[in-house]
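According to Swiss-Prot, the protein carries these features:
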type	residues	note
BINDING	3-17	FAD binding site
Amino acid sequence: MRVVILGSGVVGVTSAWYLCQAGHDVTVIDREPGPALETSAANAGQISPGYAAPWAAPGVPLKAIKWMFQRHAPLAVRLDGTQFQLKWMWQMLRNCDTRHYMENKGRMVRLAEYSRDCLKALRASTGIQYEGRQGGTLQLFRTAQQYENATRDIAVLEDAGVPYQLLESSRLAEVEPALAEVAHKLTGGLRLPNDETGDCQLFTQRLAQMAEQAGVTFRFNTPVEKLLYEGEQIYGVKCGDDIIKADAYVMAFGSYSTAMLKGIVDIPVYPLKGYSLTIPVAQDDGAPVSTILDETYKIAITRFDKRIRVGGMAEIVGFNTELLQPRRETLEMVVRDLFPRGGHVEQATFWTGLRPMTPDGTPVIGRTRFKNLWLNTGHGTLGWTMACGSGQLLSDILSGRTPAIPYDDLSVARYSPGFTPSRPRHLHGAHN
């Protein structure tokens, strides 16, 4: 089957890889000159299934009001003048209760755990290198309340069979030796030993090279104007004077998916702006070994080979990519507070990206009401964590195979009353 994938971020490229491996003729289209040059370029570097959790959580509405008056707040909201933003925020608020939180987190952890397994299998079969580490993730608590609240997340981890360690502050240095100097500032931590880290951009670029060698066609510097459709079928992608035709089309444009699908399929994917610093390592014994997640500031500090990536925060501000100095100061403050000898902060590279977020935090994956239009978007802050699993899942559904995990609750059907996703079926031209 001929498949066109719109988007060459980590989700688009992993989709291309798995579809190609399933025997399909795949073309990837992107406006950028190469893969992973937007949201996948400089994210926090975490592959953290156990910490897969929606921003829509109990207590967030009240916290959001408090954060409005804090200099280093993890979340900020500025109205962008669109009804879509207001509707999206209302839908998010409706997910901020315990029942929705547990349901959403459960399916996010399910997909993320599967995705990590897919990444391991891909690494074993291809030998792909991306400055990855398998040292786990350590979530740090600065208050007694945060430490106590961890029991709620532990219940979800236990249900999903995810191993964990709840550590008192005196034991944090056993996992991250450099924290010995600052343990007095912390109340404890939650460690997930099976989590991983890695450079998402490097991974995506190298996988794109492998995919191209395997037969995938990449059309870069190719802006997409619109999808062409008739009845319940997409019949082409208009790119300037060209119309690119295929048997199936996959939307993986991240935050730009919503606008591209306007009038075709309604999906609640909104840009969640985040920031990062990439810092050269100064003293190896003063830098993190793997990934740290600061629960107070919602900031991750991740170790690559000779670099430290500090990323986080969320701004609901529309398609604004301005680099704000106060956000840089927050990132610098957190990394200096936890790892004062770790990096040359003054040499850091400052970056921002737009994560494609749904109100419930879960991506939308699968077929739409158009029989040959598929979605793989809306992964929010977890695109790197969920990419391989999402790509394999999409490939299985599109190819008519039964996926390894349940997936009905990942469909756009949860936002489209009356639409029921079809079960896997053997499509004309699919290779199995």
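Glycine too: its Cβ is placed from the backbone N, Cα and C atoms.
The shown structure was predicted, so the numbers you read here are calculated from the model rather than taken from an experiment.
The Cβ of Gly9 (FAD binding site) lies under 8 Å from the Cβ of Pro35, Ala36, Glu38, Thr39, Ser40, Thr204, Ala252, Gly254, Gly383, each of which sits 6+ residues away along the same chain. A 10 Å cutoff on Cβ-Cβ distances gives Trp17 (FAD binding site) a total of 24 other Cβ atoms nearby, all chains included. DSSP gives Ile5 (FAD binding site) a strand state.
Cβ environment of Val11 (FAD binding site): Ala252, Gly254, Asn376, Thr377, His379, Gly383, Met386, Ala387, Ser390, Gly391 lie under 8 Å away, each six or more residues apart in the same chain.
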